[in-house]
Amino acid sequence: MFGLKRNAVIRTQLYCGGAGLGAGSGGASSSGGRLLASGREATTRREGGGGEAGAVIGGSAGASPPTTLAPDARRVARPSPIGAEGPNVSATPPRLLLLAPPCRASPPEEMEGPAADAIMSPEEELDGYEPEPLGKRPAVLPLLELVGEASSGPGMDGSLPSTPPPAEEEEDELYRQSLEIISRYLREQATGAKDAKPLGGSRAASRKALETLQRVGDGVQRNHETAFQGMLRKLDIKNEDDVKSLSRVIVHVFSDGVTNWGRIVTLISFGAFVAKHLKSINQESCIEPLAESITDVLVRTKRDWLVKQRGWDGFVEFFHVEDLEGGIRNVLLAFAGVAGVGAGLAYLIR
């Protein structure tokens, strides 16, 4: 009777999923063997996804072939309940383990290339963007560029635009002082009479600059009268449009990049020579536009140089030596007249 009970226990273990005793333990059973068989069965089920359990139960552990991992071996499935012969139908669908480190998902294949590169966050789009400072933008286009565009355009003669100056120019002290001095000098040369109206701004500095310009400019006109006449005939100035076209000549004077007070005073002196011509042909109304053209090109294109030279104060200081020589000449002439030296000394100091 004891043998019958033992056989019943063995059959019960086989039915409930226990280890095969005939092959694995040589016909003997113990609590340690059952635990070992149960652990081996659970390991086999986990590695095989629950589908290899029947093969292990039906045969011996040594006779079963080695388990081959399927391509989806990384899929995790719940182990089957004890006594179940197949996988648990109540288990959730297996999920694929994501072993990649957490990072931003890469774009799909069809978006690789320029489309994928275009995907940017708002922070990336604004990174490195710096608005252009307003103070660095020029208030007006340099006059030299305007002259170049006008001269290269179809049907244009290189004349300056007749638009009024902006507010920045009206408040420009260097431009205002230059226009006042040049305009006064050209009018006085054309009419041959002194203007009694006082100069604005810094009256002492402007008056000194005007006196220096009159002295030096008159000498330039006397020394280069023949050259000025040839230039005037070539330009054939008759009206205001011709006066504005002088800007091309003025720009050409400084085209080689050399700037000095000698060139500047020669330019203004030629303007005074043209002003006399305009007076002779009853075109006095063109004298003011002529002064504006000279001032525009001079101040707009040579502003940095003029500022470094201290403007009209530097102009007066530069020709101060010439003024000293003029004073010495006057003293010598007076002495020669008193002493009766004669015309020989006057010729030498001329």
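A Cβ is built for glycine as well, from the same backbone N, Cα and C atoms used for every other residue.
The region 'Disordered' annotation in Swiss-Prot covers 23-95 (among others).
What Swiss-Prot lists as compositional bias 'Gly residues' is 50-61.
Summarising the annotation, Swiss-Prot assigns phosphoserine to S121 (among others) and lists similarity to another entry as the type of evidence.
According to Swiss-Prot, the region 'Disordered' annotation covers 150-169 (among others).
Per Swiss-Prot, phosphoserine is recorded for S159 (among others), and the stated evidence type is similarity to another entry.
The feature phosphoserine is assigned by Swiss-Prot to S162 (among others), with similarity to another entry given as support.
Per Swiss-Prot, phosphothreonine is recorded for T163.
The motif 'BH3' annotation in Swiss-Prot covers 209-223. Broken down with DSSP, the motif 'BH3' (209-223) shows 15 helix, 0 strand, 0 coil.
The motif 'BH1' annotation in Swiss-Prot covers 252-272. Mean model confidence for the motif 'BH1' (252-272) is a pLDDT of 86.
According to Swiss-Prot, the motif 'BH2' annotation covers 304-319. Sequence-distant contacts of the motif 'BH2' (304-319), counting only residues of its own chain at least 6 positions beyond either end whose CB sits under 8 Å from a CB of the stretch, comprise 174, 177-178, 181, 205-206, 208-209, 212-213, 215-216, 259, 261, 264-265, 298.
Per Swiss-Prot, transmembrane segment is recorded for 327-349, and the stated evidence type is sequence analysis.
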Contact set, same chain, for the motif 'BH3' (209-223): CB under 8 Å, 6 or more residues outside the stretch: 177, 181, 184-185, 188-189, 199, 265-266, 268-269, 272-273, 312-313, 315-316, 319, 322-323, 326
